[in-house]
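Here the structure comes first, spelled out in structure tokens, and everything after it is commentary.
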Amino acid sequence: MTTNNDHYNEAELLASYFPETANNSELLQQKLTDVQQIEQALQTLMALCGQDDNNPDLDKTPFRVVKAFLEYTSGYREDPTAHLEKVFDIQQNDPIIVKDIEFYSMCEHHFAPFFGVAHVAYLPDQKVTGLSKIARVVEGYARRFQVQERLTNQIADAIDTVLQPKGVMVAIEAKHLCVSSRGAKKEQAQTFTLASRGAYIKDSQLRSEFMTAIK
Ligand SMILES: [Zn+2]
């Protein structure tokens, strides 16, 4: 099936993901060479896997894969902590909990997606950020080659460093396609990870309040 995306070419793709190539023809040429080499390697991978019937529908698949990977990894090209710089002067003595933040990430060991929800709580000291900013931090770290444990800690550290709250706690529930669709093939297995900072490390009341809220 032909879609509009098929008319999008390598140079346009690079211009949208690497705006710095607009004024740097050497860099543009280098990245074009990279993309072409990846496309060739993907053709080889497809052949190795047994896909060798010259199906014209697959001609653009290597290009689509490169494009998808640039999207999966857009977090490398931003600083997620920057979202938290916008703070409000609000008196808030109790925790702020944002739950069920959906995310999609990519297992760095198998390049297989893992996805689920993140729940974030922080007990502000003086700085309160916008609720959508927490979701943007999750997105900025999820859109990279990741492991769930690191993702959980990076979100906690970003909030801890920029907002300097009294405490932070992050929980992530995710399904890993590398676990459910290959290897151990445990379709229903979910991984739950936690990261806590400050008051959330030892205050059992704060912890249980958070765990109850995200149930
Ligand atoms: Zn994996």
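A Cβ is built for glycine as well, from the same backbone N, Cα and C atoms used for every other residue.
Taken from TrEMBL, the feature Zn(2+) binding site applies to Cys107, His110, Cys178. Mapped onto three states, the DSSP output places Cys178 (Zn(2+) binding site) in helix. Its Cβ placed at the centre, Cys178 (Zn(2+) binding site) has 15 other Cβ atoms within 10 Å.
Confidence over the domain 'GTP cyclohydrolase I' (38-214), given as mean pLDDT on the 0 to 100 scale, stands at 94. Per TrEMBL, domain 'GTP cyclohydrolase I' is recorded for 38-214.
Of all the binding-site residues listed (Cys107, His110), His110 has the fewest other CB atoms within 10 A of its CB.
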